[in-house]
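S.K.: Straight from TrEMBL, here's the annotation block:
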type	residues	note
TRANSMEM	52-74	transmembrane segment
TRANSMEM	94-110	transmembrane segment
TRANSMEM	122-145	transmembrane segment
TRANSMEM	151-173	transmembrane segment
Amino acid sequence: MLFLATFFPTWEGGAGAYDFVGEFMKATVDLADLVGLHLVMSRNAGKGEYKIMVAAMGWATAELVMSRCIPLWVGARGIEFDWKYIQMSIDSNINLVHYIAMAALVWMFTRYDLPKRYRLPLTLLLGLSVYKAFFMESFVHVFLLGSWTALLVKAVITGFLALSSLGLFVTLVHGN
């Protein structure tokens, strides 16, 4: 967060304008998350499935506590019902699936016995997982999507990413 605030200050463009280059550079900083995820999984002993689950659950829990816990706790306890809290809850579940898929991709990518034919699909899926937020924000801005439609598109993209990583995981781990 300090790195983002120092090198990528808020954009002073006009109202309704979108800074594609600045947002792309901010999304590129998420590559450091992949390095950190690899370090966490490489320091723990155990089977790959457990490493993936522990790293993904820890990351999703930290993200939930730091960004959504207070608004959900304060806002959802209020007297008046609002659909944004339901959307935040659904978005948290989508993010959990995304983090599990990303942890599995990082674990598969760093295996020493990875066949060469899996390198390109894993790299493409890792790139999609890192830049997913940028693609979503750009897509929502260009096509002027509503919040429910954007949530549906995010769920579809995350589902594609998760099913693709599951398919690669099953063929890589259980195919050997």
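Backbone N, Cα and C define each Cβ position, glycine as well.
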S.K.: Could you pull out which residues elsewhere in the chain have a CB under 8 Å from any CB of the transmembrane segment (122-145), counting only those six or more residues past its ends?
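M.R.: Long-range Cβ neighbours of the transmembrane segment (122-145): 18, 20, 23-24, 26-28, 30-31, 33-34, 98, 101-102, 105-106, 108-109, 114, 153-154, 157-158, 161, 164-165, 168.
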S.K.: Under 8 Å between C-beta atoms and at least six residues away from its ends: which parts of the chain pack against the transmembrane segment (52-74)?
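M.R.: Non-local partners: 37, 40-41, 44, 85, 88-89, 91-92, 95-96, 99-100, 102-104, 107.
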S.K.: Near the transmembrane segment (94-110), which residues from the same chain, at least 6 beyond its ends, have a CB less than 8 A from one of its CBs?
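M.R.: Contacts of the transmembrane segment (94-110) (Cβ under 8 Å, skipping residues fewer than 6 from its ends): 34, 37-38, 41-42, 48, 51-53, 55-57, 59-60, 63-64, 118, 122-123, 125-126, 129, 132, 151, 154-155, 158-159, 161-162, 165-166, 168-169, 172.
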